[in-house]
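What TrEMBL says about this protein:
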| type | residues | note |
| --- | --- | --- |
| TRANSMEM | 57-77 | transmembrane segment |
| TRANSMEM | 83-104 | transmembrane segment |
| TRANSMEM | 124-146 | transmembrane segment |
| TRANSMEM | 158-178 | transmembrane segment |
| TRANSMEM | 190-211 | transmembrane segment |
| TRANSMEM | 257-278 | transmembrane segment |
| TRANSMEM | 299-324 | transmembrane segment |
| TRANSMEM | 336-362 | transmembrane segment |
| TRANSMEM | 383-404 | transmembrane segment |
| TRANSMEM | 416-438 | transmembrane segment |
| TRANSMEM | 527-545 | transmembrane segment |
| TRANSMEM | 565-582 | transmembrane segment |
Amino acid sequence: MVEHGGLDLMCLNKSYSHSSTTSSSSSEREKKIFTKLKVSLTEDYPQKNAEILSGQYGTNLLLIGVSLMLAIAHHGASVKEEHLLSFITTLMILQLIWMIWYIVSRDRQSNLQPEKDVHATTCWIRGGLTLLALLSLIMDAFRIGYFVGYRSCVSAVLGVYPIIHATHTIAQVHFLWFHIKDVIKTFETFERFGVIHAVFTNLLLWCNGVMSEAEHFLNNHKRRLSSLGYVNLTIVDMEPHCNCTTSACSMFSNSLYYLYPFNIEYHIFVSAMLFVMWKNIGRSINLQYNRKRPATRTQGLVVGPILGLVALASTIGVLVVYIIHVEESMDTRESAIAMFYCYGIVMLVFMCSAGATGLLIYRADPMPMDTTKNPSRTLDTEILFGSSVGSWLMSWCSVVAVAASSSSPSYRWTNLMYSLLIVLEKYIQNLFIIESLYRQREDGEREDAEAAGPVPEIFSVTSSLAPPYNGIINRAYENPDKGCVTLENEQVENGQVYGTFSSRKHSAVPLHAGSNVAETPSKKRQILKNIAVFLFMCNISLWILPAFGCRPQYDNGLEQETFGFTIWTTVLNFAVPMNLFYRMHSVASLFEVFRRV
């Protein structure tokens, strides 16, 4: 009995040890599966899908806001303006919280120097955005004054919104100045959602400004048509149904629409800059690519600035005459429209000629294209093509209307020529800008030569003036700038202008009396610089006209006769904001072209 029990006990121990081994192996297998799942969720997953997830999140935010805008445009009783403003205010508050968190977390990591993308933006772009932000703050002040005057009959949201918007603008400008170049490497998934939230919040603010400005312009257009005898046009009353408690309410409401173009451009440019920051998250920066360019030389700038100033002055004259005469009788209205088209034809012919000349210069001196990864440059190219679609659609609709219309006003064929030139001018200008941005810089060869070692001419000058060695090797003389290399590299990595050391090198080396330290740009570069400046001024001119009310596409009647009032108005509400953005973005791109040449 004892032996039998012992055998049973041994068998039991064996089976227990076998089962424990099986359970331990299965638990290890489960741990491995859990570890793989954890790694796939925490490491591989964000790199692959976080960009798509955050992009979908931002797109849906924008679509919610656009849905509210479309409901408000119907002027129904269910959705009102305060609902949209409440939604946008909530988004701005969330962005403020994220920016504060980001700045505080960066300050806590002061020992870790974040990587910077020096091509993400420039000081002059941030300075221009700061100016646009100041004008936006003035608009917020007018909105607050407007709310104070009508506070007895309007929602409190109309007073809270400009206060939050002003706070949001100030905080965002601070963020753009000090953090827009950061390449984020920590909390990448969370930061992607924060940055994309900021991108689409500014896009929604842009859409809201575009809708308000378009509705105001459309009401003014309907008033002009009513004064000329057109009927069956519904004019929406924009003023609240109560008396204003201050004497400045009309001034506030009228001034708002002169400031809308600046506010609109501010938000679309901020969204583009933040999008570049979003694309830079987790990116590895090439230090050689990340070097800041030397200061731009401005020798030989005569013809381009003069022609550009002439174009700008004529633009202001055309704007004043058009706005005055379009409100009068039919004859003066037609003469104002014909004057605009003639002016536009002359302007576009000169712009096409300038852009074509620049492309011919590039073709005569072929250079390899720069294929390094540059998110800001890629975005510039995509925006140029994307924003061109609006004016191209508007131009081809005008071509169809001119060909199909039964009426024949005095400006019919000039409208046709103007529309075709708009298409051609954007073709040529886009090619010129993209060619300039993607061409390798010629001074890159000089930088490589300087990195390889001093040029022989400098040695020949110094050796003739130096005493003989007499068997003593002077190491300091062989490399006098050796001690400065480290500091110079630090300046390059920090994005500082490194013209100081080059000037020190030249001043430390004796030169012949007839030698020139500053290199004069070649004739080719001078011509390209003048072309860039001229196109820069022309694009500013073509932005000013539609931004401040000179829009003959509303007033000429040809397109409205062909497509109908509703369809043509819808086309213009899409095309005009896109065209305004194209012109302002072209201004920024052409300034970058001027700096690169």
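Even glycines carry a Cβ here, placed using N, Cα and C.
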Looking at the stretches 83-104, 124-146, 383-404, 527-545, which one shares the most CB pairs under 8 Å with the transmembrane segment (299-324)?
527-545
Considering the transmembrane segment (565-582), which listed stretch of 83-104, 190-211, 383-404, 416-438, 527-545 counts the most C-beta pairs under 8 Å:
383-404
Look over the recorded stretches 57-77, 83-104, 257-278, 416-438, 527-545 and say which has the most C-beta pairs under 8 A to the transmembrane segment (124-146).
257-278
Let me spell it out: take the transmembrane segment (158-178), skip the flanking residues so only those 6+ beyond its ends count, and list any with a Cβ under 8 Å from a Cβ in it.
81-82, 85, 88-89, 92-93, 95-96, 99-100, 102-103, 121, 126, 129-130, 133, 136-137, 140-141, 143-144, 146-148, 151, 198, 205, 266, 270, 273
Other than its close neighbours in sequence, what residues sit by the transmembrane segment (527-545), given a CB gap under 8 Å and a spacing of at least six beyond its ends?
298, 300-305, 307-309, 311-312, 314-316, 318-319, 340, 347, 350-351, 354-355, 357-358, 361, 429, 432, 436, 521, 551, 580, 583-584, 586-587, 590-591, 593-594, 597
